[in-house]
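First the structure, in the form of structure tokens, and then the observations on it.
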Amino acid sequence: MLASCSPTPIAGTLVYFSTKSGNTHRFVEKLGLAAQRLPLNRDAPAVQVTQPFILITPTYGGGSAQGAVPKQVIHFLNDTHNRHLLRGVIAAGNTNFGEAYGLAGRIIAKKCQVPLLYRFELFGTDEDVANVRKGVEEFWKRLT
Amino acid sequence: MNMMQRLSRVDAINWNRLQDDKDLEVWNRLTSNFWLPEKVPLSNDIQSWNTLTEKEKQLTIRVFTGLTLLDTIQSSVGAPVLMEDARTPHEEAVYTNIAFMESVHARSYSSIFSTLCTTRDVDDAFRWSEENPTLQAKSQLILERYRSDDPLMRKVASVFLESFLFYSGFYLPMYWSSHAKLTNTADLIRLIIRDEAVHGYYIGYKFQQAMAEASPERQQEVKDYAYELLLELYDNEVRYTESLYDEVGLSEDVKKFLHYNANKALMNLGFEPLFPSSVTDVDPTIMAALSPNADENHDFFSGSGSSYVIGKAVATEDDDWAF
């Protein structure tokens with residue numbers, strides 16, 4: 001068994017976080033693209049990426065910016081190496097939260113100076129899945 | 001747990017020993033979202049109210065009376081019934097919050113009435129609500145499930161109420177708001193809409209947990225029942241919508257809003273959405289009233305919008321970010 005304190009490398013181009021309700025996980029599953037899930041347990045070994053990636057994150061709360069970005073995502077982005085490989089962000093949320101719809105995505109986009117690429121609700125519709133699949137593919141082409 | 005067991009023994013709730021940390025997450029979310037109607041300056045809408053025609057006023061009062069009925073059901077029957085099925089003491093506590101907030105919602109409509117309307121018009125609307133067949137039918141469809149001995153279907157009915165049935169009503173204040181009318185009332189309704197999203201999400205989450213433990217046959221049975229109930233409620237909602245909105249020519253767009261929200265209700269239960277995007281394309285001004293810039297990022301991938309959507313200035317939690 002590998003030493004649990006060594007950073008876990010990631011090969012994919014999508015990194016995501018999903019709570020126990022699993023909505024974001026389900027969206028990523030439907031995408032069918034290589035993706036790495038950030039651990040739910042905050043005591044889990046730190047994740048380090050090895051190639052440019054797009055982050056998919058849910059939004060917490062329902063109003064204030066305080067606590068909108070899941071702690072696990074903040075923890076992951078506090079690593080300079082990870083942050084430098086972040087190219088864009090996709091946020092899950094609910095339009096019922098008004099201006100705070102997908103707020104985590106806006107906060108990360110601003111903080112890390114990367115584009116907010118897309119927002120979807122709950123686990124996304126088939127249309128969302130198609131849009132993101134196509135958008136992600138073209139986004140990487142544009143960048144290379 | 002049945003009532004006799006419940007009455008014979010209660011253990012003190014320990015929030016420092018969680019079986020499911022989602023309970024604390026949602027408790028924190030709900031308590032930090034707490035509000036009362038007094039915080040919204042409804043009287044600023046008096047002038048705007050007076051620009052509505054008599055028909056528009058009647059429609060608005062009726063819509064709010066219909067919403068009051070749903071909040072009353074959820075507060076006095078729905079949430080208490082869910083408490084009986086709670087998997088953890090913390091879940092039970094969350095339902096006490098939901099029950100109380102539904103009472104706050106129901107009370108808010110009366111605040112709107114007492115600020116804007118005449119007593120006689122409001123009394124008329126309450127009488128209308130008691131006699132309106134489609135309003136009573138939706139109430140009965142939900143209450144039947146609440147009274148049934150199927151805990152899974154009780155949650156299904158509850159999520160449909162929270163995430164679907166309210167929206168034929170919520171449409172109207174969003175419509176007025178998009179026409180710069182009753183904007184303070186719309187602010188209050190947005191607080192209700194925000195709460196209902198958390199309720200639907202949480203009850204749906206608990207439903208999915210219970211479903212995961214059921215046999216495949218039972219899962220299929222519940223799923224069939226759920227879609228069946230949704231369609232039954234939907235047919236009734238269409239009639240309710242037409243009876244209210246035909247007169248002002250809004251029925252077709254309200255129906256799109258129904259489809260859009262029915263999909264979200266199904267998703268809260270973990271089920272695939274039913275209505276295709278061709279019938280969920282709600283008027284963008286309504287969506288903007290609900291969630292400003294709801295589609296602002298839509299264009300990044302399609303390339304048709306402004307190039308980069310970098311977040312607007314928002315107060316972030318700098319303490320937590322190490323950079």
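A Cβ is built for glycine as well, from the same backbone N, Cα and C atoms used for every other residue.
Just so you know, TrEMBL annotations are computer predictions that nobody has curated.
According to TrEMBL, B:Glu162, B:Glu196, B:His199 bind Fe cation 2; the candidate from B:Glu102, B:Glu242, B:Glu247, B:Glu252 that the record adds to this site is B:Glu102. Fe cation 1 binding, as stated in TrEMBL, involves B:Glu102, B:His105; the candidate among B:Asp71, B:Asp123, B:Asp124 given for that site is B:Asp71. Around B:Glu196 (Fe cation 2 binding site), the same-chain residues six or more apart in sequence whose CB sits under 8 Å from its CB are B:Glu162, B:Ser163, B:Phe166, listed in sequence order. Those recorded positions from the list B:Asp71, B:Glu102, B:Tyr109, B:Glu196 that have a Cβ under 8 Å from chain A Cβ atoms: B:Glu196.
Take the mean position of the Cβ atoms of B:Asp71, B:Glu102, B:His105, the recorded Fe cation 1 site; other residues of that chain with a Cβ within 8 Å of it are B:Thr68, B:Leu70, B:Thr72, B:Gln74, B:Ser75, B:Met101, B:Ser103, B:Val104, B:Ala106, B:Ser108, B:Ile192. If you draw a 10 Å sphere around the CB of B:Asp71 (Fe cation 1 binding site), it holds 23 other CB atoms from the protein chains shown. The Fe cation 2 site is set by B:Glu102, B:Glu162, B:Glu196, B:His199; from the centre of their CB atoms, other residues of the chain with a CB within 8 Å are B:Gln74, B:Ile98, B:Met101, B:His105, B:Leu161, B:Ser163, B:Phe166, B:Asp195, B:Val198, B:Gly200. When the Cα atoms are compared, B:His199 (Fe cation 2 binding site) and B:Glu102 (Fe cation 1 binding site) turn out to be 10 Å apart.
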